[in-house]
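Asks: Structure provided below as structure tokens; questions to follow.
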Amino acid sequence: MLKCIAAVGTVVWMTMFLFLYSQLSNNQSGGDSIRAWRQTKEAIDKLQEQNEDLKSILEKERQERNDQHKKIMEQSHQLPPNPENPSLPKPEPVKEIISKPSILGPVQQEVQKRMLDDRIREMFYLLHSQTIENSTKILLETQMISLMGLSAQLEKLEGSEEERFKQRTAITQRIFKSIEKLQNPKACSEAKTLVCNLDKECGFGCQLHHVTYCAITAFATQRMMVLKRDGSSWKYSSHGWTSVFKKLSKCSFDEAVGNTEAKPFAEPSPARVVSLGIVDSLITKPTFLPQAVPEQLLESLTSLHSHPPAFFVGTFISYLMRFNSATQEKLDKALKSIPLDKGPIVGLQIRRTDKVGTEAAFHALKEYMEWTEIWFKVEEKRQGKPLERRIFIASDDPTVVPEAKNDYPNYEVYGSTEIAKTAQLNNRYTDASLMGVITDIYILSKVNYLVCTFSSQVCRMGYELRQPSGADDGSKFHSLDDIYYFGGQQAHEVIVIEDHIAQNNKEIDLKVGDKVGIAGNHWNGYSKGTNRQTYKEGVFPSYKVVNDWRKFKFEALLD
């Protein structure tokens, strides 16, 4: 792995120097040359900082391996005893060391590998956003794509993904079993219960995220969750929750609640039955809200998955969206129309109706396709062979699929204009629309990569639903706007790992160890946030921080 990281570092240096040279060469006037030189000097300084970090990582890992090798050699008696301390106890046999490896090493390796991937991506975003000569930009981006493909191969070369897949699957099953035990008590009428109202005034993705909030709250407070009147009164379907999903519990609403008056949720609460309002109305946010991760799983998930909070939320959504047999049959039929077995497919979720212009900006198909093509080029480098271009489009605009087929003839385009029609505002709250949005989310969770806007709840659901599958899909997306979030979540914070001195009045200073409340990634090498120590808000280089995942001890989690 050291050789691979060193090779990646070398390519990064070569690419950046080519970029710097091109910047100087393309600025001829005196004023432009001075500005270019200043920009170049700043870039060189940043590059030197990154190089020192890379050298530090390499040296640290090299030292750890040397220490481990020395210890093994000593334990196997291949090194003479220390004459200055002959009273040292007899060392344990080598097999004891090998059978009890420290968890710290693998965790550090996984974290460092992801840090490397993140830095490469952020550097690509920086290059991609530059206004430089087109031929130079193409050359630089081609080299960066090659670099990302090389980095993606590290996982395959290490040869341990199969074991990590099993471990992630085991964690999913552990959470599932814990939810099932809490949801199915021995005595329904005696169980502590949380009542959730399904009909929040919003769309399907928003409603399912509300039920997810209810489920996580119930799990954190060790209560069974039931839908009010079993979800029989649902704006999306006159047939209720069970028209598409399985029951959430063996206990019905009448069995669990009956004539008991549900008290407003509070924690702690002595009431057996409580009713939960919407997350938007909270004044004080409980510490168990997303993006909190179970304290008992944080170390394992940090090693095994690139986005532990999305994994945890996704497991709850997977439990909630357990389809009944009729729905599963329809989904299986829809999935068969998408040739997933023929090669990779990128899923595009394109929102065009109610939220555009209010919650989200309009994004043309060209923007989605630009990042789709970049992913295919990286994947070709990773696999070492050319790939057929295939996309699946989920949209509330029936004109998008024909537009893609017309404008991108080198792509095989899949998607339903009929489903898009049911997503129109005048058709939205119908059984056909419900089945359509479920189908889109389900297929989006099965594709190889997502390009969408995370301001869309449907997009985030497709991303969340794919996380507990066993694979590490935490970074297999590109959002055209927001970073991942859960509506009503606790503040998303990051920790500074490299000092930063503001270069202009838009940037903020950072010191190692500072906490920053993250507001978003600008996808140009910079993120925006508020330094919790200085209370200054502004932008900073994204690579200088890492996520500081929140943790909460979920007592309901089984051992």
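Note that Cβ sites are derived from N, Cα and C of the backbone, with glycine treated the same way.
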Asks: Among Cys206, Cys214, Cys251, which cysteine does Swiss-Prot link to Cys196 through a disulfide?
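Replies: That record, Swiss-Prot, gives the partner as Cys214.
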Asks: For a quick check of packing: other C-beta atoms within 10 Å of the C-beta of Cys452 (disulfide bond), how many?
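Replies: Cys452 (disulfide bond): 26 neighbouring Cβ atoms within 10 Å.
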Asks: Counting Cβ neighbours within 10 Å across all chains shown, tell me which of the disulfide-bonded residues Cys251, Cys459 comes out on top.
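Replies: The most densely surrounded of these disulfide-bonded residues is Cys459.
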Asks: Of all the disulfide-bonded residues given, namely Cys196, Cys202, Cys214, Cys452, Cys459, which is spatially nearest to Cys251 (disulfide bond) at the Cα level?
Replies: Cys196
Asks: What's the CA-CA gap between Cys188 (disulfide bond) and Cys206 (disulfide bond) in angstrom, rounded?
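Replies: About 29 Å separates the two Cα atoms.
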Asks: Pick from Cys188, Cys214: which of these disulfide-bonded residues has the biggest number of other Cβ atoms within 10 Å of its Cβ?
Replies: Cys214
Asks: Tally every other Cβ atom lying within 10 Å of the Cβ atom of Cys206 (disulfide bond).
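Replies: A count of 15.
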Asks: Long-range neighbours only, meaning 6 or more apart in sequence with Cβ under 8 Å: which ones does Cys196 (disulfide bond) have?
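Replies: Listed in sequence order, they are His210, Val211, Cys214, Ala215, Ala218, Met225, Val226, Leu227, Lys228, Leu276.
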Asks: Rounded to a whole number, how many Å is the Cα of Cys452 (disulfide bond) away from the Cα of Cys206 (disulfide bond)?
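Replies: Counting only the Cα atoms, the answer is 17 Å.
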